[in-house]
Amino acid sequence: MADKPDMAEIEKFDKSKLKKTETQEKNPLPSKETIEQEKQAGES
């Protein structure tokens, strides 16, 4: 592996080969309601 990227390689890269993907949240943060429910469940 070279330390510097190969500019010729970058320039000939074809962006059209990339396909658009839908971004999916792998680990969505819980809502405030969910957190409150879990707190209450833990206390009882």
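Cβ atoms here come from the backbone N, Cα and C positions, even for glycine.
If you look up Swiss-Prot, you'll see 1-25 (among others) marked as compositional bias 'Basic and acidic residues'.
Sequence-distant neighbours of the compositional bias 'Basic and acidic residues' (33-44) (same chain, 6+ residues past either end, Cβ-Cβ under 8 Å): none. Here Swiss-Prot flags 33-44 (among others) as compositional bias 'Basic and acidic residues'.
DSSP gives Lys12 (SUMO2 cross-link) a coil state; it is part of no helix or strand. Non-local neighbourhood of Lys12 (SUMO2 cross-link): empty, since no residue in the same chain at least six residues away has a C-beta under 8 Å from its C-beta. Taken from Swiss-Prot, the feature SUMO2 cross-link covers Lys12, and the record attributes it to similarity to another entry.
Annotation source Swiss-Prot lists N-acetylalanine at Ala2, citing experimental evidence.
The N6-acetyllysine annotation in Swiss-Prot covers Lys4 (among others), and the record cites similarity to another entry as its basis. According to its DSSP assignment, Lys4 (N6-acetyllysine) is coil.
Under the heading N6-acetyllysine, Swiss-Prot lists Lys12 (among others).
Taken from Swiss-Prot, the feature phosphothreonine applies to Thr23 (among others), supported by similarity to another entry. Look at Thr23 (phosphothreonine): DSSP puts it in coil. Thr23 (phosphothreonine): 6 other CB atoms within 10 A of its CB, across all protein chains.
Marked as N6-acetyllysine by Swiss-Prot: Lys26 (among others). In the shown protein chains, 5 other C-beta atoms lie within 10 A of the C-beta of Lys26 (N6-acetyllysine).
The Cβ of Ser31 (phosphoserine) lies under 8 Å from the Cβ of no residue that sits 6+ residues away along the same chain. According to Swiss-Prot, the feature phosphoserine maps to Ser31, an assignment based on similarity to another entry.
Lys32 (N6-acetyllysine) carries a helical DSSP state (H, G or I). With a 10 A radius on its CB, Lys32 (N6-acetyllysine) counts 8 other CB atoms from all the protein chains. According to Swiss-Prot, the N6-acetyllysine annotation covers Lys32 (among others), on the basis of similarity to another entry.
Among the features that Swiss-Prot reports, phosphothreonine is placed at Thr34 (among others), with the record citing similarity to another entry. Of all the Cβ atoms in the protein chains shown, 10 others lie within 10 Å of the Cβ of Thr34 (phosphothreonine).
With a 10 A radius on its CB, Lys39 (N6-acetyllysine) counts 9 other CB atoms from all the protein chains. Annotation source Swiss-Prot lists N6-acetyllysine at Lys39 (among others), citing similarity to another entry.
As annotated by Swiss-Prot, region 'Disordered' applies to 1-44.
The two recorded residues, Thr34 (phosphothreonine) and Thr23 (phosphothreonine), have Cα atoms 23 Å apart. For Lys32 (N6-acetyllysine), the nearest neighbour among the listed modified residues (Lys4, Lys26, Lys39), judged by C-alpha distance, is Lys39.
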